[in-house]
Amino acid sequence: MMLLNSLASLYFLAAVAFAVPAQEKRIHHQPDLSDHAHDDAHSFQYDHEAFLGKEEAKTFDQLTPEESKDRLAKIVDRIDTDKDGYISHGELHYWIKHRQRRYIEENVNKHWKDYDKNQDDKISWEEYKNTTYGYYLGEDFDDVDDKETYKSMLKRDERRFKTADRDSDGIATREEFTAFLHPEEFDYMKDVVIQETVEDIDKNGDGKINLEEYIGDMYTAEDGESEPDWVQTERKHFSEIRDTNKDGYLDANEVGQWVLPGEVDHADNEAKHLIHETDTDKDERITKKEILANWNMFVGSQATNYGEDLTKKHDEL
């Protein structure tokens, strides 16, 4: 039995290595520019991810301030598409959107080679299922401690894959696979995004989200710890903003308004924010000099983990 359990553990690790990362399975918010709160009073971490892209996050300590400024200057030259020496709101907005698109493209490419086993430039449900869950489909699956969890994950993946597969042929094109990995980017995947969000937060299984489930998904108090101010703010947001019909719960429609607010353009807001914080002469555009004077906002600080873009050649961005 010990040998069987050891083998099961090895297969578990192999499956996890191929499986889509948990943070990608969990669709909780619109494709934010960062996983971190936008709070410049504590760090510039949100700004860094928004400007450089999530996938490029890396320990910033490997670069000196001088190296960072030098490489940032090269990126600024790319953002200034009309080469007038100024970064306008439009240019910065376009750049941030570009980094979002590149993040998604690179993420899909990274997973594509793992799943397209026959290299026909398509991924069938069978290819994905066998690569991710192959061992757990066999008879020995019953000996795995977390079998119910993986059965649930398999069912959830299949539902999402079938929704992404618009022509229902059991095969995902690159666009359909992109919808599978990043459903928040596609209107026709909206119901899946909402359903998964409710399932993840709804702990009592009643199909809706109450206040404690909403808060509990973001924060768990330690013994004797007082509740932070931001949690109190979230409690107010739940009752005053999220719960539009004031019944004490978030239903599917309210969750949709929360996680997929279509009218919100985060890239536009971030571009405005960066210009506001950097534009010292208040002419509503920023120069390379102004950006480099605020390099830690765009690049990193000792409190953050950034720099991957700065380790790349600028034509790779």
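Positions of Cβ are set from backbone N, Cα and C atoms, glycine also.
Now, the feature entries from TrEMBL:
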- 1-19: signal peptide (SIGNAL)
- 67-102: domain 'EF-hand' (DOMAIN)
- 103-138: domain 'EF-hand' (DOMAIN)
- 152-187: domain 'EF-hand' (DOMAIN)
- 189-224: domain 'EF-hand' (DOMAIN)
Exercise for the section: Go ahead and report the DSSP secondary structure tallies for the domain 'EF-hand' (103-138): helix first, then strand, then coil. Expected result: 26 helix, 2 strand, 8 coil
Fill in the blank from the handout: Counted with DSSP (H/G/I as helix, E/B as strand, rest coil), the domain 'EF-hand' (67-102) has 27 helix, 2 strand, 7 coil
Handout entry: Residue counts (helix, strand, coil, in that order) that DSSP gives for the domain 'EF-hand' (189-224)
Key = 19 helix, 2 strand, 15 coil
